[in-house]
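Below, the features straight out of TrEMBL:
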- C277: active site (ACT_SITE)
- R85, Y224, G225, G226, S275, N390, A391, R392: substrate binding site (BINDING)
- K233, H253, D300: Mn(2+) binding site (BINDING)
- A276, C277, G278, K279, T280, N281, R392, R423, F516, G517, D518, N519: GTP binding site (BINDING)
- 26-245: domain 'Phosphoenolpyruvate carboxykinase GTP-utilising N-terminal' (DOMAIN)
- 249-604: domain 'Phosphoenolpyruvate carboxykinase C-terminal P-loop' (DOMAIN)
Amino acid sequence: MNDQVALSPTEAPAKPATRHGELLAWVEEVARLTKPAAIRWCDGSDAEWDELSAMLVDAGTLVKLDESKRPNSFYARSDPRDVARVESRTFICSEKEADAGPTNNWRDPVEMRANMQNLFDGCMAGRTMYVVPYCMGPLGSEASVVGVELTDSAYVVLSMKLMTRMGKPALDMLGDDGFFVPCVHTVGMPLTNGAKDVPWPCSDEKWIVHYPETREIWSYGSGYGGNALLGKKCLALRIASVMARDDGWLAEHMLILKLTAPDGRVHYVAAAFPSACGKTNMAMLQPALSGWKAETVGDDIAWMRFGADGRLYAVNPEAGFFGVAPGTGYATNRNAVETLYANAIFTNTALTADGDVWWEGLTDTPPAGLTDWRGDAWTPESGSPAAHPNARFTVPASQCPSIASEWDNPAGVPISAILFGGRRATAVPLVTEAFDWQHGVYLAANVASETTAAAEAKVGTLRRDPFAMLPFCGYAISDYFEHWLKLGAGKENMPGIYLVNWFRKGQDGRYLWPGFGDNIRVLEWILDRRDGRVEAIDSPVGRLPAADGINVSGLDISAEDMAELLLVDPEVWEEEAKASARDFEKLGKVPAALLDEQRALEARLAG
Ligand code: SAT
Ligand code: MN
């Protein structure tokens, strides 16, 4: 058993609680390479959390927040060079370059392995290597996947406890010979020759490396979010998307939401948006229409498989939320704010004078005496935000007031509709229904969004982001389209596919749609469509609500604004169609069915 006592981590016993031969041998092999001062097997216990968090407070990595305001919660300030995912440094090292496709960075796996051997040689010197077993998906479910992350970051260990089913239960599930995804992570700052540690160790050199065929992940140089918490984007999306392709299921960048209509009808929807487009807000929606109830199943990732009834069932593989803090407040997402009452880690928000956290949008006026995410005294006159735009909270999903009782159910929830969206100031209507599955795949393949701060790309430019999976698909995106097409072909019980856009602006630059809780009005239309209760109008780009199709009762919106929200301007769409065709060309190969859809769209626009 893993009976840890409160020793300093360098003294902590390296006693593994498993007889899994392959795991034991791999841990030893990685330790031989990375040369840590100690090895510690993590059990995920509260005692371990207490010990490691106290150690990180001593090291200056964490600040303990005021216990009376936010019990058992911590604040971290990252190195300013380590604040987001690094897509330019993310690699899919499939055996064949074509299998990574033109939208992923590819390197030959043999060369990359040699490179990794060099980089990782001695990279954990002076540090503890933590062995972090974790399970993506409900414990005990056959559909869940166990990963083991070896990391020299205790901040990662604590974050993994919040984000996954971590520690002993995951190790027990693995048994003596179960399958696991090996994940190796280092901050890339060995403590050699008397080097002094810093509060947020990281490296200028960053590598986020995936070997899809052998289902392995190696990550170097970053301590942040999706670069370092390898269960999330690396395993549950990039590696899982490859497993899903091979085994006939879907691993998607989607929230899962349960909706109960005033008459008691229950529907579950999944929705994909590029990072930082309000996914967490929608996952915790507070319906503005009375009588509706919305409950959260997941906010970022959905794994979907066919049930015995031929419907698609979704599970949330995660156990926590890693959400963008700025813009999250009582007005925009009360459920998120209330989830954060305790047991949370905040990274790169601002710190208040009385030991709590603050960020833009939490309250209308900032409290006096803030320290910003860089550690400097901050006032509204400072000229830069107090919280980094990609500041994050990490918190257990179970604390969410809107969590659905079935969120942890291994059977998952049956999906009625799949929504795709992005931030589009122009062109794209509030909601469009796909004519059929194949057309829906075409719509999803053409999702585009104005970029945000979640990745290093320039903020505010339009980027095509098929299925909101561009940074997360572990294989060639055209093969991924093919997988989606095949999966739904000829099946009767598939969910409807919808394109939504909460971000359309008027000529005067104003947002036309209020968004947030009022999005229930669009969801109501979608679910009424699923239940055959409302008509839709054919347009060249898909089926739209009638002019009075969206329930706007109690909403202060003009008929002109509503018309503009649903407008399909043929001239604008001719340009959109051309852009789609150009972007398809960049992919090299595109499934014939999608080229058919492209031609059909052009014909409808011309016709
Ligand atoms: O940093 S993460 O990749 O986990 C968050 C995101 O970009 O959505
Ligand atoms: Mn995401």
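Backbone N, Cα and C atoms are what each Cβ position is placed from, and that goes for glycine too.
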In Å, how long is the longest CA to CA span across R85, Y224, G225, G226, S275, N390, A391, R392, which the record gives as the substrate binders?
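Comparing all Cα pairs, the maximum is 15 Å.
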Mind looking up the mean pLDDT for the domain 'Phosphoenolpyruvate carboxykinase C-terminal P-loop' (249-604) in the predicted model?
96
Return the residue, from the listed binding-site residues Y224, F516, with the maximum count of other C-beta atoms within 10 angstroms of its C-beta.
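Counting every other Cβ within 10 Å of each candidate, the maximum falls on Y224.
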Considering only the recorded positions K233, H253, C277, G278, D300, F516, which fall within 10 Å of G225 (substrate binding site) when distances are taken between Cα atoms?
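Neighbours among recorded positions, in sequence order: K233.
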Ligand 2: which of the recorded positions K233, C277, T280, A391 have a Cβ closer than 6 angstroms to it?
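Those recorded positions that pass the cut-off are none, since no Cβ is under 6 Å from ligand 2.
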Cα-Cα separation of N390 (substrate binding site) and D300 (Mn(2+) binding site), in Å?
15
Near ligand 1, which of the recorded positions C277, G278, T280, N390, R392, F516 have CB less than 6 Å from any of its atoms?
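None, as no Cβ falls under 6 Å.
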Using DSSP and three states only, what is Y224 (substrate binding site)?
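Going by the DSSP assignment, Y224 (substrate binding site) belongs to neither helix nor strand, so it counts as coil.
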I'd like to confirm something. Which of the binding-site residues, Y224, R392, F516, has a Cα closest to the Cα of C277 (active site)?
F516
